[in-house]
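Taken from TrEMBL, the feature transmembrane segment applies to B:12-32, B:68-92, B:104-124, B:130-154, B:193-215, B:235-257. According to TrEMBL, the feature domain 'ABC transmembrane type-1' maps to B:68-259.
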């Protein structure tokens, strides 16, 4: 669910390759019949009812105090003021930032590295790619349970540590406030790296081999070819991956909810999990909506960038 | 020297690949161990027993069977509806000169990029208001509504690039817009539809957040959220939980294996363009 934006890898590449050269203007399109209007109108209304209208309500609720029973009362920016003195909000914000850097950063590095290692078609590469991609098809709940089994006292992690003589490091990984957040990031990375790898593999495939040949003739070594040919050529893919990663990080909920529910003592709380428990466990609906607005604002820059790119594509 | 390099490459990649799937293999192994074995030797030890009773327990006592049925009852209609609606919208927007068509397309895409958190409270209220709280229909509707924008955007990209001569030829032959959609455009969009179908199947099947937002009763839960409930039901029977996890993972793995080419193909088509 978190990975809702795979495909644009495709359009973005097209933009990258096309550069600034204007697409020839499409001449007259066909005359619009009523049926066509219905074709566009019905899906638009469905989305309006299930997305646009609720979203507007969400923004409005962020300005209210509401327990879900009596009518919401308008408090202006009161909820946002309350956040400033809410220590759990502080923790959640800090953890979301850590999440963005570690989960986002490492999955890009790992995914790109693996794509570089596995880009050349040679014997065995298919198997390696499949192995790395396998976790991507699992739900995050399945991922969470696989790793919970791992982290159990006397589970595999503990036995391995004991075997290599690091037994004193053993701790209740998910129940220790010092390690809970990182113990959740590891499985999230395990699943995300394969996904980022696939995006980069598609991008690498589209790089013109003649460029490498030219660089080789000019005496560039493998490292220089990666640095000066591959990476600049991947600009389109990079910006897609960046958007995907930021949006995914801010949306991340399932994996944390299934492993720790944000605990212990909010030590692995993200904004998304805090929003959910505020809404559905302590039913402070106004405050929870305000938290959702914060998540939206953090994602806004990326969403706008994405839309601007999409808009240019369509031009 | 070159040989050494190749061997080194395969050794290290082989090791990484093995480590990558090791957690999965390990859980499969545990799912076949008996409770006594796990209790006596711990989860970290090698298996000393073999049993299917864990699967029977997960399937019957935890009623994962029903949960799987629920998942399919939600996922299949949701995939068909969202692709159907997205494809007609994309067709209209890509092939006809509709006023504000670019604005409409971007609005629809923007809806999909919103963080779902902003929609949770209003949607759970709305669903309650219209009397569909705690029903699979509500879940289907949410998935269709939220996914539509993205599918429309992707399909629009594909349909826009189809040559306009095909459509002109069909128009000259007397085909109306509905006919052109069904017998000209849709067949040409099949690769994209297959890729999106496979992807959306896994996304919807794997969903947790929307399910726990609009559904409350255990017997209506799809398998992904139901799996979380398993932890409460079999508190320390990690072998049963492992079996339940394997069962819940099978459908998406099956869809992936069946449509692997489309997954990869969908991405590759874009890369070639």
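Glycine is treated like the rest: Cβ placed from N, Cα and C.
By the count of Cβ pairs under 8 Å, the stretch nearest in packing to the transmembrane segment (B:104-124) among B:12-32, B:68-92, B:130-154, B:193-215, B:235-257 is B:130-154.
Among the stretches B:68-92, B:130-154, B:193-215, B:235-257, the one making the largest number of Cβ pairs under 8 Å with the transmembrane segment (B:12-32) is B:235-257.
Below 8 angstroms of C-beta separation, residues 70, 73-74, 77-78, 81-83, 85-87, 89-90, 93, 105, 107-113, 116, 119, 123-124, 192, 196, 200, 203-204, 207, 210-211, 214-217, 220, 222 of the same chain, each at least six residues beyond the ends of the transmembrane segment (B:130-154), sit close to that stretch.
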